[in-house]
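These come from TrEMBL:
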type: DOMAIN; residues: 16-227; note: domain 'Glucosamine/galactosamine-6-phosphate isomerase'
type: ACT_SITE; residues: 67; note: active site, proton acceptor
type: ACT_SITE; residues: 136; note: active site, for ring-opening step
type: ACT_SITE; residues: 138; note: active site, proton acceptor
type: ACT_SITE; residues: 143; note: active site, for ring-opening step
type: SITE; residues: 146; note: site 'Part of the allosteric site'
type: SITE; residues: 153; note: site 'Part of the allosteric site'
type: SITE; residues: 155; note: site 'Part of the allosteric site'
type: SITE; residues: 156; note: site 'Part of the allosteric site'
Ligand code: GLP
């Protein structure tokens, strides 16, 4: 796991966008894993700028979102499928239908989850997965206790996650859905490169467990310690509880330019 402590969200966006650009240059039909939440927004903004500058195209690329609320009406602005369009997909040149998400309105939830797994597999798997992390250590919506081998399925959101996300629902916790569909930890772990972004003090505990804690379903993101290519992009506040932070800084400073993340 590579840990990179950067100045701010803008720097994080630039470094992550460099990795996406390098991928699309060598593989224009790459499959991107797209996360919602506020953490990846600077990455999306940077990718949109590069697209607008003519440096990047998503015309042949595909995207898969991580998760979706169950039961939010199709026209609800907080539906993740709508959110990812607004913050990223509709701002670049993805082909129609190239970005997919799990169907939170499906009548047959298990069938929809299986179909989503099949769609990711049929696309050849995710090349680069952008991830945020919840304050309770969730990735996607894999809450504490999630099987480290889990696949796309329905989950119940914790009270803490619903409180954290109430800000998107007029600060009304009761308006936050109780259930979601999420790629499992096993599903996410199959992405070839994972770029996890965390900023702010509120994420420091989750980041501490992710990077330096024991692997445990109680902190679901720790499953990434098993993955061969994970890059964790942090600001100072999110890195403040890392014991080896000086080592991570030194390692990144002395890294050869050609290596990328
Ligand atoms: C949400 C999403 C996650 C996201 C996390 C952090 O619950 N399901 O994919 O990573 O919360 O969100 P934020 O980046 O806004 O802190």
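Backbone N, Cα and C atoms are what each Cβ position is placed from, and that goes for glycine too.
TrEMBL feature annotations superimposed on the structure.
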residue: 67; record: active site, proton acceptor; Cβ neighbours (10 Å): 22
residue: 136; record: active site, for ring-opening step; Cβ neighbours (10 Å): 19
residue: 138; record: active site, proton acceptor; Cβ neighbours (10 Å): 26
residue: 143; record: active site, for ring-opening step; Cβ neighbours (10 Å): 20
residue: 146; record: site 'Part of the allosteric site'; Cβ neighbours (10 Å): 23
residue: 153; record: site 'Part of the allosteric site'; Cβ neighbours (10 Å): 21
residue: 155; record: site 'Part of the allosteric site'; Cβ neighbours (10 Å): 22
residue: 156; record: site 'Part of the allosteric site'; Cβ neighbours (10 Å): 12
Spatially closest candidate among 136, 138, 153, the listed recorded positions, to residue 67 (active site, proton acceptor) (Cα to Cα): 153
Close-lying active-site residues around ligand 1 among 67, 136, 143, where CB distance stays under 6 Å: 67
In sequence order, the active-site residues (136, 138, 143) whose C-alpha falls within 10 A of residue 156 (site 'Part of the allosteric site'): 143
Spatial separation of residue 146 (site 'Part of the allosteric site') from residue 138 (active site, proton acceptor) - C-alpha basis, Å: 9
Within 10 angstroms of residue 136 (active site, for ring-opening step), Cα basis - recorded positions out of 143, 153, 155: 143
DSSP three-state assignment (helix, strand or coil) for residue 136 (active site, for ring-opening step): coil
Average pLDDT across the domain 'Glucosamine/galactosamine-6-phosphate isomerase' (16-227), rounded to a whole number: 97
